[in-house]
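Okay, so here's the structure we're looking at.
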Amino acid sequence: MEYSPILHNLHVVPSSHVKNKLFVFCIMLSLWVYMIYCCVGYCSTMPNLTYGSVSRHQNDAEVDNQESSLGASRDLLNNENDLDSRGEEWDEIRGDAKTLDDNAMSGFLNESESKKLPQAIIIGVKKGGTRALLEFLRLHPDIRAVGAEPHFFDRNYDKGLAWYRELMPKSSDGQLTMEKTPSYYVTKEVPARIYTMSKDIKLIVVVRDPVTRAISDYTQTRSKKPDIPSFESLTFKNMSAGLIDTTWSAVQIGMYAKHLERWLQYFPMEQLLFVSGERLISDPAGEMARVQDFLGLRRVVTEKHFHFNPAKGFPCLKRPEGNSKPHCLGKTKGRTHPNIDPEVVQRLRDFYKPFNSKFYQMTGHDFGWD
């Protein structure tokens, strides 16, 4: 058969054309997959998680009301971290941020939203239940809050307000931006620094029986540093003389009245709200009503959002609609307190009694710790 260049070209050209189309298609598909991957990666770092993700971080808390049970109590208000809190909390948030709720997605797409400095801050106290309060508040559609502790006013102040604002989630004009850093309440420089930023800011303090709080604080530290001295030896400067060591942070934090005096030099009492860590567990809806009123919000988070777990002794969060399973704390919450000498516990109670009485007078609220 005679060779024909025309017939040869008729067969080669279509084949080459198809290959080119496939090559272009593969490139476009790869780019599309890469863009989807980038979007998912970006969204997973956003602080406003789904209801399920938020509630998995809830404060797994119970409080011992009887002095005799202090030694065996569960540290279920174990939510504030030490110097390494930023890394631990960001890792925890990233690990659970698999999906976004409607508010987060709309915020991502809404160009009218912007990052704002907070209008309210949970300023303390460590081991009081601040994580539980923050996660309860994040159920409210008018709240946008940072998940991790920024520690701006105590550790990162030199980085400036622009750096601080960048940490905040985007919010619309009708939403309230918040953060929580428990060490603010006891850091001397913080009240003046916050006042410089905003004279009208609203401040929330979650307080807890100072003796139970001190033991909880020690328990957390010991979980990271097993070789630290005993609670008893750290509590006293001189155990035989019964002299309490007020320089130890676990003791010092519970002197609530002393720290409050510093805040009242800059802010009127009307701008501070004191939340009971005990009642945040026994009556979360009641405490949340107070908090929402204080922040000027609608009472959206109510008793329908809480489910009390009798086996664990603390409230879990649930969707107000449907039959979905309630969500409780993450696996890192709930350390067992060590057995503390009852005499040491009583001496601590005696030590805190005048501070508690003054705190009750200053706040106009008896927390019933004595």
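Keep in mind that glycine also has a Cβ here, set from the backbone N, Cα and C atoms.
Annotations in TrEMBL come from automatic prediction, not curation.
Since we're looking at a predicted model, the values are computed, not measured.
For Lys127, the entry in TrEMBL reads active site, for sulfotransferase activity.
The 3'-phosphoadenylyl sulfate binding site annotation in TrEMBL covers Lys127, Gly128, Gly129, Thr130, Arg131, Arg208, Ser216, Lys333, Gly334, Arg335, Thr336, His337. The number of other Cβ atoms within 10 Å of the Cβ belonging to Ser216 (3'-phosphoadenylyl sulfate binding site), over all protein chains shown, comes to 29.
Annotation source TrEMBL lists compositional bias 'Polar residues' at 66-80.
Under the heading disulfide bond, TrEMBL lists Cys316-Cys328.
The annotation domain 'Sulfotransferase' is assigned in TrEMBL to 118-357.
For 22-43, the entry in TrEMBL reads transmembrane segment.
Between the alpha carbons (Cα) of Arg131 (3'-phosphoadenylyl sulfate binding site) and Cys316 (disulfide bond) lies a span of roughly 13 Å.
Ranked by how many other Cβ atoms sit within 10 Å of their Cβ, the binding-site residues Gly129, Arg131 place Arg131 at the bottom.
The CA atom of Ser216 (3'-phosphoadenylyl sulfate binding site) is located 7 Å away from the CA atom of Lys127 (active site, for sulfotransferase activity).
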